[in-house]
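Peer 1: Once you've had a glance at the structure underneath, I'll fire off some questions.
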Amino acid sequence: MMKMKTLLALAISGICAAGVANAHDHMAKPAGPSIEVKVQQLDPANGNKDVGTVTITESNYGLVFTPNLQGLAEGLHGFHIHENPSCDPKEKDGKLTSGLAAGGHWDPKGAKQHGYPWQDDAHLGDLPALTVLHDGTATNPVLAPRLKKLDEVRGHSIMIHAGGDNHSDHPAPLGGGGPRMACGVIK
């Protein structure tokens, strides 16, 4: 009888654990249509290097950007949608600048100011900052509540900037972020 109770207890705990794991899997991943964007670390001198992907998924709350990145510098980084579908370098003031062909922050409504992703008077391409852990990985999803459909972002690029983002143009323009460090074209 004791063996039977032990087996029953193990079976019940196994079923419960499987149910919890299954529920977690469904909660952790948005279920809508999605596209995967390949991301490269920008290095015009030595060639770009693959650092992973960002999956963009439609949800009831807006577009969810789920990074699966590695090999990046630890810390918070500016994370945006840029105007053009290019990650190529471009010359500015006689100097080759990484990712400059991507253009500026995507601003189809002409807001002309940097801000939070939920702010109606900010660039539509302003996303929450990307968190990179001490081991160089980024896996925390971010939500863009004003963006609803994948077709809105196709034909643009995802840009990761060195350094954080204060979601303002003050004291420094465009959130005070640094150079463009990684990019992916949204197809």
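The backbone N, Cα and C atoms fix where each Cβ goes, and this holds for glycine too.
Keep in mind it's a predicted model, so treat the numbers as computed, not measured.
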Peer 1: Using the record from Swiss-Prot, pick out the residue from CYS16, CYS87 that is joined to CYS183 by a disulfide.
Peer 2: CYS87
Peer 1: With HIS105, HIS123, ASP126 listed by Swiss-Prot as binding Zn(2+), identify the candidate in HIS114, HIS134 belonging to that site.
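Peer 2: Between HIS114, HIS134, Swiss-Prot records just one in the Zn(2+) site with HIS105, HIS123, ASP126, namely HIS114.
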Peer 1: Check each residue in the chain of HIS82 (Cu cation binding site) that is at least six apart in sequence and keep those whose C-beta is under 8 Å from its C-beta; list them in sequence order.
Peer 2: GLY99, ALA102, GLY103, GLY104, HIS105, TRP106, GLY125, HIS156, SER157, ILE158, MET159, CYS183
Peer 1: 10 Å Cβ neighbour count around CYS183 (disulfide bond)?
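Peer 2: Step by step: centre on the Cβ of CYS183 (disulfide bond), count other Cβ atoms within 10 Å, giving 26.
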